[in-house]
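If you look up Swiss-Prot, you'll see CYS347, CYS407, CYS410 marked as [4Fe-4S] cluster binding site.
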Amino acid sequence: MSTATLYDKVWALHQVAELPSGSTQLFIGLHLIHEVTSPQAFAALKDLGLSVRHPERTVATVDHIVPTTSQARPFADGLAEEMLSTLERNCHENGIHLNGLGSGRQGIVHVMAPELGLTQPGMTVACGDSHTSTHGAFGAIAFGIGTSQVRDVLASQSLTMNKLKVRRIWVDGALQPGVFAKDLVLHIIRTLGVKGGVGYAYEFAGPAIEALSMEERMTLCNMAIEGGARCGYVNPDQTTFDYLKGRPHAPSGDAWDHAVSWWKSLASGADACFDDEVKFDAAVIAPTITWGITPGQGIGVDEAVPTLEQTPEEDRPLAQEAYRYMDLQPGQAIAGLPVDVCFIGSCTNGRLSDLRAAAAVAAGRQVASGIKAFVVPGSEQVAAAAEAEGLDAVFRQAGFEWREPGCSMCLAMNPDRLEGRQISASSSNRNFKGRQGSASGRTLLMSPAMVAAAAIAGRVTDVRSLPPA
């Protein structure tokens, strides 16, 4: 039996050359680009007199800078308009397909590519965005890269990389009602730390992982990078195949059968050798919230902010910094903490199942007085599907704003921003200082259902304990 993991197999299939430095030249099967990290790469390519090597393997969208209240052109923000116009020009000049605004296929890059069937098992995927690890949910090996590497992939369709070790994250049991993939990944990061995965690829496996939908697996892999892992993945299985079948870029006919047969062969076998393994029990995980200034500073909704005595010595300076910035006291219960803004969306939790979970909480209830709550679908397809189900009406009736697709308040490179010391309940992926647009704004990461519960209650609350609507 083979001892190779999926990571080993995909790496070997895409290895172009071993370099004298010991690094590997790795072929990239799919290159995703957007308006923020591509302009400088295209400019550098032009300066060097180079062309895009494989435009047919490059797909673009616009997501980070788009406004979500009105997407009429030209944008009110001149810089945002310039960035989009530059992307449009670069794609046109280089023969790259752009899923632009109003195309019906525009969306956050890590929502758009999977729903179109672009992301498939066995691929190597690169994108100039930290959360490219999302695509590992399909059994792909996906890397976030910087602008200079975007240039390299455009020019050569390859990257210079060092092979990672592989840690298997085995999750037994089943998630309890009201507990979601977001809670699972926050729990994993809380346990292993934001640097725990440095030098590793994470293979997520076990009964609890197999039970997750594709969209939940995307949430899980999306945040692998927040735990320090370069990428995270799930072995492809029937759930993967059922999701992909019939999507625009998925194989069809005889090619589909051949593809599925090959995809099955990629999974890590029973005898696969891992460099490390960590086990979790899904049944004991509660709805989880970040209280501090890194995704690793998380606690269950029924817990209190940890004291210094409960914090490992090496983490105490960061904990003290988080107490001050978040204006929280050691030992303070997280439940009941007032919030100002509630944001549902992002490449972590802006898919249809996320909106359904939040809408189920919002239905028949009202957003608390003084709370700004809004929902931003992850793509035009997600928005259309949600509207076809009437989810937009559910949210509006409850007092949420229903917005146009985009990255929105995840990173505030657009008009959606916190103001002053506002505190947000957010379904996004990062809670760093200033992440959501205000230098002093505060972010609590949680699942979409928990964000909806916070909006209704006006404060952090356990979604499982909401009174009947």
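Quick reminder: no glycine exception, Cβ is built from N, Cα and C everywhere.
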Practice task
Would you list, in sequence order, the residues of this chain other than CYS347, CYS407, CYS410 that have their CB within 8 A of the centroid of the site's CB atoms, where the site is the one recorded for [4Fe-4S] cluster?
Solution key: ASP63, HIS64, ILE108, HIS131, GLY345, SER346, THR348, GLY350, GLY378, GLY406, SER408, LEU411, SER428, ASN429
Problem - Distant-in-sequence Cβ neighbours of CYS347 ([4Fe-4S] cluster binding site), under 8 Å, six or more positions away - result: ILE108, VAL109, HIS110, VAL111, HIS131, THR134, ASN222, GLY378, CYS407, CYS410, ASN429
Problem - CYS410 ([4Fe-4S] cluster binding site) CB neighbourhood, other CB atoms within 10 A - result: 29
